[in-house]
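K.L.:
Take this structure first; my questions come after.
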Amino acid sequence: LLLDLLPPGVCNLLNPAAIYANNEISLRDVEIYGFDYDYTLAQYSNLLHSMIFNTARDILIEQFKYPEGLGRYDYIPGFAIRGLHYDVQKSLLMKIDAFHYVQLGTAYRGLKPVPDEELIELYGGTQHIPLYQMSDFYGKGPSLKQFMDIFSLPEMTLLSSVIDYFITHGIEFDQVHLYKDISDAIRDVHVKGVMYKWIEKDLERYILHGDEIYAVLNRLVNHKKKLFLITNSPFSFVDKGMKHMVGKNWRELFDMVIVQADKPNFFTDRRKPFRKLDDKGSLQWDKINQLEKGKIYKEGNLFDFLRLTGWRGSKVLYFGDHLYSDLADLMLRHGWRTGAIVPELETEIRIINTEQYMHSLTWQQALTGLLERMQMYQDAESKQVLLEWMKERQEIRSLTKNLFNAQFGSIFRTFHNPTYFTRRLVRFSDIYMASISCLLNYDVNFTFYPRRTPLQHEAPLWMDQLCTGCMKTPFLEEMVHIR
């Protein structure tokens, strides 16, 4: 039956190097391309996460006087995923779906899972998190914090490691102070420039895909597109990285370069004026009446940027990795087009393309359809069969989740719903992709058409809701071979 449900060639159908559309967008209409730097133009190796974790852990011990025993904890690659929420008062790290429900089996206190029954009891008999607790426009609620930055992976792991140490050793702690201390230690790694020094010393080791970035930027310039860069990183750091990836004349490709922009405040706060830097990165005192090609600017704000450039609306496409700090304001307040860089997409698509995933998901959907259609049979024998199906369905769900991440599963889905991360991804980005280099696979006038996914009332038959429904999309098989 399973083989009958799976058409031939279903595996390897999705392309990790493709660009996926939430909204219809024609690149022909885009005249100006903007970029963030960290995890957008510059992709970093996972080694950086271990360095951030170790340094912040040592800051806790040496400066915040946390127990020396924390030194025995090392970074755990693959422990956390992006988009998780942390309940500060309850010391819980958990995955929440688009409907504000915690996915059972994905709540952790320290490095250990919290039983489903305990989780439900902690939230007053439900796994639902009320809106007022969840998050504001930037993912920071009164008691819940959402980790949306790729740099937050070591922070979540450090948070879990410290809590694990305190619980294991029976040490009482104040949840609010602990969270703040760890946030401050992680912030110091960034603000005091420690991370920048590591990367600058060994660019070859830390920066990935540099040659492809040059190809993307050069291609856009050759097609008469204007380019700009807005980043929170300092000039000397960006300059070294861009010289490594693009070459010593990288600034000639850009019409505007803005560093230490203080996003997301750059997009909302009118108070900070632009300041010019000289070629060595030293501050100048000129009043800025125009933004000149080839010059470097610091701070500033989007309102002055729009006034001085006139770059407004859907002719601008800006790429960033942080859905809140990079993209939210630009799409909702200013009408720019936005592209989200989601490096995890490549790994997740490779998992989706495996035979094991396809078989597990198809059989899970088959069981769901059987449960839906056969639930009217309430005799004792039928009830027993239904219970066995429900148990098997739950086992397959757990198996499918573990293919992505043993603790939290996929960053895009809970068992059947989109995650809160995905909800934000769909809301704040027109297109999304694993890296900027995916642009090389498309013509500069290409139009992205989002697939028409059926609404529940448009697809009453459970078979139509199989993940394999995407195979009916025209040209999808050809797109597999675009790279």
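Using N, Cα and C of the backbone, Cβ positions are placed for all residues, glycine too.
Below, the features straight out of TrEMBL:
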| type | residues | note |
| --- | --- | --- |
| ACT_SITE | Asp36 | active site, nucleophile |
| BINDING | Asp36, Asp321 | Mg(2+) binding site |
| ACT_SITE | Asp38 | active site, proton donor |
| BINDING | Asp38 | GMP binding site |
K.L.:
I'm trying to understand the geometry here, so how far is the Cα atom of Asp36 (active site, nucleophile) from the Cα atom of Asp321 (Mg(2+) binding site), in Å to the nearest whole number?
P.N.:
8
K.L.:
Hey, what's the Cβ neighbour count for Asp321 (Mg(2+) binding site) at 10 Å?
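P.N.:
So the number of other Cβ atoms within 10 Å of Asp321 (Mg(2+) binding site) is 23.
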K.L.:
Counting only residues 6+ away in sequence within the same chain, which have a CB under 8 Å from the CB of the residue listed as 'active site, proton donor'?
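P.N.:
In sequence order, the residues whose Cβ lies under 8 Å from that of the residue listed as 'active site, proton donor' (at least 6 apart) are Tyr44, Phe151, Thr231, Asn232, Ser233, Asp321.
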K.L.:
Across all the protein chains here, work out how many other Cβ atoms are within 10 Å of the Cβ of the residue listed as 'active site, nucleophile'.
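P.N.:
Here the count is 25.
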